[in-house]
Amino acid sequence: MTDVDLRARPQEGMKEIPAGPKGRHQTVQVTVGNVKVGGGAPIVVQSMTNTDTADIDSTVKQVAALARAGSEMVRITVDREEAAAAVPHIREKLDKLGVDVPLIGDFHYIGHKLLSEYPACAAALAKYRINPGNVGFKNKRDTQFTEIVEIALKNNKAVRIGANWGSLDQELLTRLMEDNAKSPNPIDARAVTREAMVQSALLSAQRAEEIGLPKNKMILSAKVSNVQDLIAVYRELAARSDYAIHLGLTEAGMGSKGIVASSAALGILLQEGIGDTIRVSLTPEPGGDRTLEVKVAQEILQTMGFRTFVPLVAACPGCGRTTSTVFQELARDIQAFINEEMPAWRNRYPGVEQLNVAVMGCIVNGPGESKHADIGISLPGTGETPAAPVFVDGQKFRTLRGATIAADFKALVIDYIEQRYGGAPAKPSTVTAAE
């Protein structure tokens, strides 16, 4: 075997191994209610209700839950007159609850009619979502699209032009397919569909600008349900324009499949600097928690280093050295405790969302990983001494023993948060120094 000298030559110095995303794709900033989207603003998390919008109380309850979970914009379906009539009442009730999250109206087929006949709805919404595939058909398309854009201009509202391959503009797709068939070098039909997605969004945006809607009032999206197609479409959309971009994998699915697919697609695009606002479109279990899509979106952004929302708890996966479940239970309990307390902590302890906690299960990686965290514990693995060293700011602080290790560590975490983020000395003072 050939020896390889991996040491840097003194005269050259050590070569830096770069980490981090590419620079953000530069887009025109759009204001949606009280939220800035694009133009270098933090990537915005949004979500969508699944209630009947005409059911005012149920919709208010779910919007409030999504907002409190961290959704910074919430989209609601406006599909009929009863829903349009309910929108201003939903806005009013949310305001009384102190929930100022911007509401986005999701319109299909008859959006022009609902917005014109219910001006209070048009005024209460912060943004209108238009689907260029079903805003109108044949000779009615331009008229109905123009009507929505003019209402947006009148009310000083933003618009998302959201193409979706499940409802793609069939006239555009047919024309592109026919042009491709006549080409001496035809491309794959799926590639034509991707091109149609990009053109649908961009041609609609161009038309909106011609009507008078400026770029700083437009956000574009082009959603598909296949990860590779989604990546390709958004890369092209970003390459051809500087409109603010809404990312999302449509019909991602249920459970782990939906989470993994969305994380893979959005993670790649975000790493390439593409995306100004994201939504994770999960299919919830019957009666499931709708706020899961918000938590997943936040975790994607936080694990990639784009934003911080809640303190992170790092925990090892466990192996044959960790037959005890103590570290798993402690990691779960600490994360649950943090999530429960975060609404109050955000105001009481500014910056606490940047806290890193480690709960490790044995001596192999436990001490090292705990040192990387702000506060960490290395619990004993199988056959190891029943003692758990705690590390604070990279230094061994003390060793916990006995049946109360979990409770003692939780108390240390609370003390650390209070003193680091509450203005007191950074090191816990209610416990003794390292033993």
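Backbone N, Cα and C atoms are what each Cβ position is placed from, and that goes for glycine too.
According to Swiss-Prot, the protein carries these features:
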- C316, C319, C362, E369: [4Fe-4S] cluster binding site (BINDING)
- 1-15: compositional bias 'Basic and acidic residues' (COMPBIAS)
- 1-24: region 'Disordered' (REGION)
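Cβ contacts within 10 Å of C362 ([4Fe-4S] cluster binding site), excluding its own Cβ and spanning all protein chains shown: 23. Of all the binding-site residues given, namely C316, C319, the one with the smallest number of surrounding CB atoms inside 10 A is C319. Within 10 Å of the C-beta of E369 ([4Fe-4S] cluster binding site) there are 18 other C-beta atoms, taking all protein chains into account. C316 ([4Fe-4S] cluster binding site) carries neither a helix nor a strand DSSP state and counts as coil.
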